[in-house]
Amino acid sequence: MFRYLFVLSRPRFWLYLAGPVLVGVSYGATTVGELFSAPAVVLFSYFLLPANIYLYGINDVFDRDVDETNPKKDGRESRYRGGAAVAVIVAVCGVFLGFVAAPLPAEAWPYLAAWFVLATEYSAPPLRFKTTPVLDSLSNGLYVLPAAAAYAGVSGTHPPLLAVAGGWLWAMGMHTFSAIPDIEPDRAAGIQTTATALGADRALAYCAGIWLLSAAVFALVDVRFGLLLLAYPVLVFGIRRLQVAVGRAYWWYPAVNTLVGMVFTLGGLWGVVHG
């Protein structure tokens, strides 16, 4: 069972939630000690594994019929096997967020509450955002909320609104990009998403456009951030130019996102060390 939970948690994507915590901590901290403060350690630990078990566990429970025809589940990802023990562990991982949030500054609570609601209702009824075009993309701003919570948890203040907006737009683009390989299985199952509504080519153009907008918003925070985010629309251009299948390119993005996140984090750490 534990091996199955490990696979269910998508270890390849762990840093999609835990990585933003590092970014948020690096910009929220003002001293080296704050980088290793209790809020920083607790949030990173939660979003590294329990949050991933909850997010993807909920997804797999309510997508089990769709996943029967999803080719991604034949290799690096697993199909939901059911079982009471697995369901209980997934639920506990979600409820545990309340214990994580309790000792944190109140400024962090709205971001954690929003993350829980979006992580749940993205896949679960009654809202099931993932089956409504535009809302499926918009709700995936949940991936930037760990960064906002970490910033607030360490600093006791809210993060810059433009930084949250830029990150939200980036997450929207990532969601639709990752949904392009699922277009045919989703259509076969009668699921409507931004990607199925647009089709592969227009969905790819949508990703490029929203990533350009993300870069523009980040540039208002710091021009260097905007330049860094231009990597994403440039990659889309390369994918189209070289006619690389999105289903293949999809598996590059954990490395791409880790690299971009590392640069963001190093910038924050530079500010902590050098003022």
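For all residues, glycine too, the Cβ spot is worked out from N, Cα and C.
Per Swiss-Prot, the feature transmembrane segment maps to 13-33, 38-58, 84-104, 107-127, 134-154, 160-180, 203-223, 225-245, 253-273; the stated evidence is sequence analysis.
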Residues of the parent chain within Cβ reach of the transmembrane segment (203-223), under 8 Å, 6 or more residues beyond its termini: 160, 162-163, 165-167, 169-170, 172-173, 176-177, 179-180, 183, 194-195, 229-230, 232-233, 236-237, 239-240, 246
Chain residues in Cβ proximity to the transmembrane segment (253-273) (below 8 Å; excluding those fewer than six residues from its ends, i.e. six or more beyond): 12-13, 15-16, 19-20, 22-23, 25-27, 29-32, 34-35, 174, 177-178, 224-225, 228-229, 231-232, 235
Highest-contact recorded stretch vs the transmembrane segment (38-58), from 107-127, 134-154, 160-180, CB pairs under 8 Å: 134-154
Sequence-remote partners of the transmembrane segment (160-180) [C-beta within less than 8 Å, at least six residues beyond its ends]: 20, 27, 136-138, 140-144, 147-148, 186, 193-196, 198, 200, 203-204, 206-207, 210-211, 213-215, 217-218, 220-221, 225, 229, 232, 236, 246-247, 250, 253, 257
Positions whose Cβ lies under 8 angstroms from the transmembrane segment (107-127), at least six residues beyond its ends: 39, 51, 54-55, 58-59, 61-63, 94, 97, 100-101, 136, 139-142, 145-146, 148-150, 152-153, 156-158
Chain residues in Cβ proximity to the transmembrane segment (13-33) (below 8 Å; excluding those fewer than six residues from its ends, i.e. six or more beyond): 40, 43-44, 47-49, 51-52, 55, 143-155, 157, 159, 163, 167, 254, 257-258, 261, 264-269, 271-273
